[in-house]
Structure formats: C-alpha cells, structure tokens
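**Q** Quick one: the structure is below, and I'll ask about it shortly.
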C-alpha cells in the first residue's frame with residue numbers, strides 16, 4: 001500500500017537514528033494478514049445477508065419460521081410454516097416483556113400481524129373487536145378472530161392480558177410497548193451481569209431524567225480539559241511541587257496517625273486488661289480479640305513507615321529529575337499551541353470506533369437470525385441457529401471486535417506520535433508542515449499500517465484470555481472456593497498488568513517507527529533500550545506526570561462519570577504527547593551533544609544533562625513497579 005518499491009528496513013546495511021528520513025514500508029506481511037482478516041469480517045456480513053439473516057432481522061420472523069412481510073417456503077416438520085405474510089409486516093410478541101436475549105431463546109411466542117395494537121386491550125372481547133375492525137389478529141394463526149372469547153386455547157395462544165399499547169420500531173418493524181416499565185424489565189434481562197437490578201433501574205431512570213445536565217457537564221469537561229492542556233505549561237512547576245509536598249506531608253502525617261492510634265490503643269488495652277483480670281476469671285477470648293486488633297494496627301503502622309521511607313528515598317533521588325517532568329509539560333503545552341488539531345484526535349477516534357461498533361453490532365444481530373431453522377422441543381417454537389463449522393463465525397466476529405478496536409486506537413497513537421515527532425525534530429518551527437497531523441496520517445496509511453496491525457494484534461492476544469477469565473469468574477461467582485477465586489483474580493491481575501506494560505511499550509514502538517521508519521520488533525527493541533537507559537527519568541514522568549494528569553481528570557469530572565470519560569479521552573492525548581516528547585528527548589541526548597554538526601533538537605527549557613547515577617535507576621524503577629503492582633493487586637482483590 002504505497003510502498004513505491006522501497007527497500008525493506010532489514011535490507012539496509014546499517015541503521016542509524018535519522019528522524020523523518022529514509023521512509024519505507026514496515027511489517028508488510030502483517031498488513032496483508034490484517035487485510036485478509038478484514039476480508040473475513042466482510043465475508044461474515046455477506047454470508048448473513050445472502051442466507052437471509054439480515055432480512056429476518058430487519059423484517060422480523062414469527063415463532064414458526066415465517067419472515068414477516070413476504071411469502072415463505074414451508075419448513076419440514078414445522079406446522080404453520082410457509083405462510084404468506086405479505087400483508088403482515090409487523091412482529092408482535094404475546095408477552096413482550098418476556099424476551100431472553102442473553103440465552104438467545106424467545107420465551108414469548110411471536111406472530112406476524114398487520115397492525116400493532118394502538119390502545120390497551122384489557123379483555124378477549126377487546127382482542128376480538130380489534131381483529132374485526134383492523135383485520136389484525138393477535139392470537140395464533142389457527143384461531144379465528146371472531147371466536148377469541150370462547151376458545152379454550154386462548155390462554156396459551158393469545159397475548160397476555162392486558163395487551164399494552166404498542167408502536168412499531170422504525171426500520172425493524174417490531175411492536176414495542178409504549179409503557180417504559182416494560183423497558184426496565186427488558187434491560188434487567190439484557191444486563192444480567194449487574195447484580196443489583198434495582199440499582200440499574202435507578203441508574204437508567206437517573207440518566208434519562210438528567211440527560212441535559214449530563215450533556216452539559218460533558219461539554220464543560222471538554223472545554224476545561226482543552227484549556228488545561230494549554231495552560232498547564234504555565235502552572236506545571238507550581239502544581240508539581242505542591243503535589244510533591246502534599247504527597248510527602250500526607251505520607252508522614254498518615255504514618256504518624258497510625259503510630260499514634262497504635263500506641264493509644266495499646267495503652268487503653270493494657271488498662272482494660274488489668275481491670276478485667278481483677279473483675280472476671282475468664283477474659284481469654286476478649287484478650288485474644290484485643291491483641292488481634294492491636295497487632296493489625298501495628299502491621300498497618302509498620303507498612304506505612306516502610307512505604308513512607310521508600311517514598312522519601314525516591315523523592316531524594318528524583319528531586320532533580322522532577323524538573324524534567326515540568327519542562328516536558330511546558331513543551332507539551334507548546335505542542336498544542338503549534339498543533340491545535342491534536343485536541344480533536346479523540347473526536348476522530350470516537351467517530352471511527354462508533355461507526356465500527358455499530359457495524360459490529362449489526363452483523364452480530366444478523367448472526368443471531370442466521371442459520372438453519374430448528375424446532376425447540378420444549379416450547380415448540382422455531383429458532384435459527386448456526387451449526388457445524390459455521391458457529392465459529394461468531395468467535396471470529398468477537399475477535400474482530402477486539403483486534404479492530406485496538407487497531408483504531410493504535411492508529412490514533414501512531415498519528416499523534418508522528419505529528420509530535422515532526423514538531424520536535426524540526427529545528428525551525430516556522431517551517432513546520434501546514435498540516436502536520438494530516439501528513440502523519442498519510443505516512444501511517446502509506447507506510448506503517450502493518451506495524452499498527454502487529455502491535456494491536458499483540459494486545460488482542462493478551463486481552464482475549466483476560467476477558468475469558470473474567471467471564472469464567474463472573475459465571476462461577478459464589479460457586480467456586482476461595483483458592484480458585486484467588487487464582488482467577490491473580491491471573492486476571494497478571495494479564496491486566498501485562499496488557500498495560502505492552503500498551504506502554506507499543507506506544508513507544510509506534511513513536512520509534514514514526515521517527516526512523518523501522519518495523520515493529522526493531523522499534524520496540526530500540527524504544528525499550530532507550531527507556532531502560534533512562535529508567536529513572538521514566539519513573540519520574542510516569543509517577544509525577546501521570547498523577548498530575550489524573551488529578552486534572554478528577555478535578556473536571558467530580559460531578560459526573562461521563563464527564564470523567566470525556567476528560568480522560570482528551571487528557572490521554574496530552575499524556576501520549578508527553579511520552580513521545582520524552583522518547584524524542586532521550587534519543588536526542590543520546591545521539592547529539594550540542595557541538596557543531598550535532599546540535600540538539602530539544603527546546604532550551606529541556607536542556608538537562610544526562611544523569612550519572614544510571615546504576616541506581618534500575619533499583620529505584622523496580623521499587624516503583626513493585627509498589628504499583630501491589631496497589632493494583634490490592635484493588636482487584
């Protein structure tokens with residue numbers, strides 16, 4: 001795709017870091033593999049359309065396998081199949097609030113009718129009157145409408161009374177009750193993973209009642225996040241040092257409080273135990289409980305002391321490198337001034353994801369109505385199911401959801417990285433391209449789609465087993481023993497940590513590819529070596545910088561969860577910019593020394609000498625990673 005006959009990276013005699021030069025295609029086999037995978041996804045959609053699944057989804061079908069609104073062929077062994085429903089264009093459920101979507105079983109009988117009930121029908125005489133006036137029979141086809149009140153089969157083959165007023169859904173032609181209480185029950189059936197259904201009802205009702213406020217808060221969070229990305233260059237120094245001081249003081253204060261509580265409890269315990277020994281003869285159980293409480297406080301106090309000691313040690317070693325984080329925040333603010341369209345990247349990514357998810361859900365629904373008709377022996381109703389090898393199409397489609405979603409997110413990372421690399425390695429900022437972001441997109445499409453496909457596939461390989469384990473954990477909730485539950489949570493936690501590490505490495509690999517046009521593995525190796533050489537700086541930026549951005553997200557979203565998601569999307573772009581800037585800075589300081597012919601590309605505000613205590617970096621970085629992992633495990637457990 002636009003290789004233009006350029007040589008593969010591996011064919012070059014010797015590769016050097018030459019930003020924005022010697023551009024060529026990368027990971028072409030992975031691009032071809034991803035293209036074939038997309039062809040398979042489109043093939044599934046085409047199969048569902050050709051076999052009638054799309055038609056059955058749009059027009060609907062009854063419980064005897066007949067598609068509404070058209071003439072049907074009889075199904076062997078199924079009575080009342082093969083009917084002419086040309087005039088019956090709407091699907092009507094006898095009990096509309098009794099549909100089990102999760103198990104893909106229709107608990108309610110479905111019929112094709114010519115008109116949905118336009119008013120509530122309380123008696124069987126009302127059903128008869130509606131059938132006589134409108135010609136729309138709401139009971140099973142073999143029951144004559146003028147005999148509804150007298151037929152004994154009316155209790156099983158007629159709709160549940162009272163029949164609510166319904167309206168046809170646009171496009172999908174399903175008779176849907178107007179009463180919203182039925183929707184609440186339907187939502188409970190769909191989202192079975194929510195344990196507290198009453199809470200779900202309150203949540204849905206609250207969102208529906210406050211949708212204008214939620215939209216307003218999201219827009220406010222958007223505006224404030226964009227303002228923060230611009231002004232953070234001016235307040236980063238004050239903000240970082242204030243937060244550092246607050247963290248240190250908070251740790252010292254918390255440790256002091258825990259020791260004070262332990263000493264006070266110990267003194268109170270000694271007095272109480274002395275008094276009890278005088279008044280009673282059997283205080284053994286109470287004494288044991290009291291000692292357990294005291295021991296628990298002691299453990300917390302000692303742990304807090306160790307944590308505070310490590311934190312103070314880290315602050316001591318990293319105090320000079322915090323200035324690098326401040327400078328990178330300052331330069332990142334300048335990047336958004338020169339490249340304001342970077343702030344719109346979440347819009348484009350969200351639009352692409354939304355379009356793909358709509359397509360994916362549509363095809364998934366097509367798959368739900370595709371396959372061979374099968375008669376359910378328990379209910380006598382007809383269901384369409386994929387059998388044999390065709391049932392694996394659903395799994396293929398599920399993998400496509402993860403891989404393509406990760407691919408779209410990776411394209412955003414590569415686009416942002418390419419634009420930031422262009423900005424950083426252009427000495428004269430007045431000579432920047434007119435549209436650096438568009439140039440980055442074109443480079444991505446022409447040269448690096450294979451690299452993005454490979455990186456997103458690696459994330460998919462880790463995400464799929466984690467999702468499977470999470471599903472197993474939810475299905476076995478309350479049934480497994482403590483050991484199995486602990487093992488499942490441990491595996492989920494480890495896979496989550498691995499996924500986060502790979503995401504971070506992938507992001508830096510994309511930046512390395514944007515700089516030097518190397519394939520994914522080479523870029524990942526080079527980026528990893530650069531990060532290892534600057535481990536202490538990486539630890540500083542990832543702790544101080546990410547904490548500052550997290551507080552920014554919380555500050556603008558304290559009123560609404562949706563506002564937090566908006567703030568997270570936009571400030572995550574800022575986070576990507578900071579990480580790419582750091583990688584560019586590390587490469588710049590490694591291969592340039594400021595002498596004529598090897599001048600630095602960096603902004604003067606980031607002109608820091610490389611640390612000489614690199615042997616301490618690995619130890620301190622390991623401490624930070626251990627503390628982070630302990631925090632993650634404690635949250636999940």
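Cβ atoms are placed via backbone N, Cα and C, with glycine included.
Just so you know, TrEMBL annotations never went through curation; they're auto-generated.
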**Q** For the record in TrEMBL, which of the ranges 176-200, 376-400, 401-425 is the transmembrane segment one?
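**A** Checked against TrEMBL: transmembrane segment maps to 401-425.
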**Q** For the record in TrEMBL, which of the ranges 28-49, 50-71 is the transmembrane segment one?
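**A** Feature transmembrane segment in TrEMBL: residues 28-49.
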**Q** Count the CB pairs under 8 A between the transmembrane segment (28-49) and each of 238-263, 297-317, 323-343, 350-368, 401-425, then give me the winner.
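**A** Out of the listed stretches, 350-368 contacts the transmembrane segment (28-49) most.
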**Q** In terms of Cβ proximity under 8 Å, which residues at least six beyond the ends of the transmembrane segment (401-425) contact it?
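**A** Distant Cβ neighbours of the transmembrane segment (401-425) are 19-20, 34, 37-38, 41, 335, 338-339, 342, 345, 348-349, 352-353, 356-357, 360, 432-433, 436-437, 439-441, 443-444, 448, 451-453, 455-457, 459-460, 463-464, 467, 506-507, 510-511, 513-515, 573, 576-577, 580-581, 584-585, 588, 601-602.
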